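Accompanying notes for the structure given below.
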Amino acid sequence: MPSRAASLRMKRPSFSVSVTTASQLHDAIDRLLPLLRADASHAPAARALAAAAASLRPPSTLLSNRVLHLLSSHQATLPDALALLSSLPSPDVCSYNTLVAALARSPRGLASARAMFDRMPRRDHVSWSAIVSAHARHGQPRAALELYRRMLREPGSAGADNEFTASSALAAATAALCARAGRELHCHVVRRGIDADAVVWSALADMYAKCGHVDDARSVFDRMPVRDVVSWTAMVERYFDAGRGGEGFRLFVRMLKSGVRPNEFTYAGVLRACAGFTSEKLGRQVHGRMAKSRAGDSCFAESALVHMYSKCGDMGTAMRVFEAMRKPDLVSWTAVISGFAQNGQPEEALRYFDMFLRSGFRPDHVVFVGVLSACAHAGLVDKGLEVFHSIKDEYGIEHTADHYACVIDLLSRSGQFERAEEMINKMSVKPNKFLWASLLGGCRIHKNVRLARWAAEALFEIEPENPATYVTLANIYASVGLFDEVENVRQIMESKGITKMPASSWIEAGKRVHVFLVGDKSHPQAEEIYALLKKLYVKMREEGYVADTGFVLHDVEDEQKEQDIGYHSERLAVAFGIIATPGDSPIKVFKNLRICGDCHTTIKFISRIVKREIIVRDSNRFHHFKNGSCSCKNYW
């Protein structure tokens with residue numbers, strides 16, 4: 001029985017060269033071009049065609065250019081194309097353009113492409129567009145902009161100044177994140193009257209958005225003569241990328257009202273934003289619209305649905321969408337595995353990872369982040385290390401900084417600091433901020449001051465303005481009674497103008513989102529909220545609750561500490577949820593920071609007293625409280 005390699009060789013399309021006329025050569029080039037692009041083994045046939053074309057007399061520039069195009073279509077025959085160009089008696093601008101574009105396909109060939117471009121006797125808009133876009137594409141946007149300016153100065157290049165070269169220059173300004181150059185280009189294309197092209201409009205809007213000027217991008221979008229589904233989708237996502245979700249959602253609604261039908265990319269982008277902004281209600285509305293649209297059948301859009309529901313803490317609906325998919329892809333499997341990990345169901349995450357492997361998929365580095373995260377949240381040290389080592393040993397995937405961060409999270413959560421420190425010192429990639437934050441978080445759990453200082457110093461180097469590092473370090477000092485160190489951290493923050501991010505929690509009820517801060521009394525129902533909490537605290541104490549005041553930074557009396565933690569933002573949001581939502585529905589609260597240990601204990605008590613499921617998503621994960629227990633099993 002032939003081997004797989006032999007079988008592939010047997011199936012490879014064959015190509016024989018038997019041509020004698022120019023017409024036959026053109027036909028042969030048409031047939032050989034896609035074969036050579038896919039497989040270098042057809043290089044001998046391409047060279048034979050080139051020899052046959054050279055034997056015709058008189059030589060045809062058109063045929064020579066077609067042979068150049070053929071030979072330059074694969075790296076294996078590119079030297080033959082260069083040799084052919086040198087032998088042509090009168091190459092035209094098309095001949096040079098073909099080789100400039102071919103050389104510029106890779107970063108290594110850019111210098112050669114530029115050298116050939118510079119010695120061209122004549123250049124047209126294709127020449128300029130190819131060389132400008134190549135420099136932008138290969139990480140030299142400033143050089144690309146200078147080339148465009150050179151084009152404008154060069155005599156006889158007026159015909160090259162069109163929508164193609166302008167779009168390439170705008171792409172360069174975008175890559176350079178240079179709004180000033182982009183504005184100059186905007187003025188130029190308007191003056192030249194080449195701003196009617198849809199590609200130029202799109203490039204302008206993209207440039208402004210990527211340079212942080214979303215309002216200017218919107219102004220360009222509003223002036224577009226034609227706005228199709230692609231331009232609408234792009235503008236909606238620009239708002240989302242800028243963190244302006246409300247405006248993005250409103251523009252999406254306006255798109256629907258305008259009669260433009262969303263496609264799978266529109267839906268996927270909106271659903272990703274719903275996940276990021278935890279807008280489950282809007283996500284469900286989008287889901288409903290998708291169900292009525294053929295675009296909703298796309299695996300791409302369905303994967304975004306699974307991701308949205310899992311990020312909003314509804315794994316039940318996420319799994320119903322997943323199980324209804326005809327052919328789940330790698331993205332949807334990853335969303336399920338990561339979703340179970342984040343929602344406090346690590347055993348399910350590992351079970352679905354096994355199913356994923358049995359289904360024939362090959363895991364990528366992103367899937368492993370979800371699996372390792374599940375092990376970290378469950379304290380499965382041996383399993384996590386087994387998975388970590390299999391990434392490279394079994395699947396040949398190089399460990400990423402995120403893989404190491406997950407393992408450091410796993411080890412430090414479980415208090416195995418010696419192994420964590422040893423791994424950091426030996427790891428093959430540079431530790432990122434997530435790794436150091438994981439180590440710092442483990443030090444907070446186990447009150448390891450020495451390694452906390454090490455992690456904090458590394459984080460101060462990476463992101464010196466992030467208040468979370470200072471606050472966590474101060475919390476660790478406070479937990480072991482080092483209040484002088486706490487004060488020192490505060491003084492450093494004051495001297496650098498760094499302010500602590502205020503803790504906030506929010507809950508969706510009715511048709512609006514209700515936001516609470518610690519000790520917040522600005523809500524219209526504040527009196528009712530505080531009265532309910534006081535009643536709940538009485539019942540909690542009757543059931544044995546004792547406040548854990550170790551989570552308060554200040555060195556003050558215990559009674560004051562208990563009062564400080566008694567009205568944290570998540571407690572206010574939970575109390576409001578009890579008042580404002582139906583008695584049989586889960587209460588779902590979101591918090592921008594990590595939930596403190598005493599609030600975690602408090603909400604467990606409340607879930608049993610009021611007989612309601614309470615879901616809290618903090619900055620790390622979901623906590624599903626039910627009948628006095630939490631899905632995290634007190635390990636988070």
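Cβ from N, Cα, C; glycine included.
The annotation domain 'DYW' is assigned in TrEMBL to 544-636.
When Cβ-Cβ distances below 8 Å are used as the criterion, the repeat 'PPR' (124-154) is approached by residues 93-94, 96-97, 100-101, 104, 107, 110, 113-114, 117, 160-162, 164-165, 167-169, 171-176, 178, 181, 185, 188 of the same chain, each at least six residues removed from its ends. As annotated by TrEMBL, repeat 'PPR' applies to 124-154 (among others).
Sequence-distant contacts of the repeat 'PPR' (197-227) (same chain, six or more residues past either end, CB-CB distance under 8 Å): 163, 166-167, 170-171, 173-174, 177-179, 182, 185-186, 189, 234-235, 238-239, 241-242, 244, 258, 260. Taken from TrEMBL, the feature repeat 'PPR' applies to 197-227 (among others).
The repeat 'PPR' annotation in TrEMBL covers 228-262 (among others). Tertiary proximity for the repeat 'PPR' (228-262) is limited to same-chain residues at least six positions away from its ends with a CB under 8 Å from its CB atoms, namely 198, 201-202, 205-206, 209, 212, 214, 217-218, 221, 269-270, 272-273, 276-277, 279, 282, 289, 293, 295.
Summarising the annotation, TrEMBL assigns repeat 'PPR' to 329-363 (among others). Sorting each residue of the repeat 'PPR' (329-363) by its DSSP state yields 26 helix, 0 strand, 9 coil.
Annotation source TrEMBL lists repeat 'PPR' at 466-500 (among others).
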Secondary structure content of the domain 'DYW' (544-636), with strand meaning DSSP E or B: 37 helix, 16 strand, 40 coil
Helix-strand-coil residue split for the repeat 'PPR' (228-262), DSSP-based: 26 helix, 0 strand, 9 coil
Close approaches to the repeat 'PPR' (329-363) from elsewhere in its chain (Cβ under 8 angstroms; 6 or more beyond its ends): 299-300, 302-303, 306-307, 309-311, 313, 315, 318-319, 322, 369-371, 373-375, 377-378, 380, 383, 395, 397, 621-624, 630-633
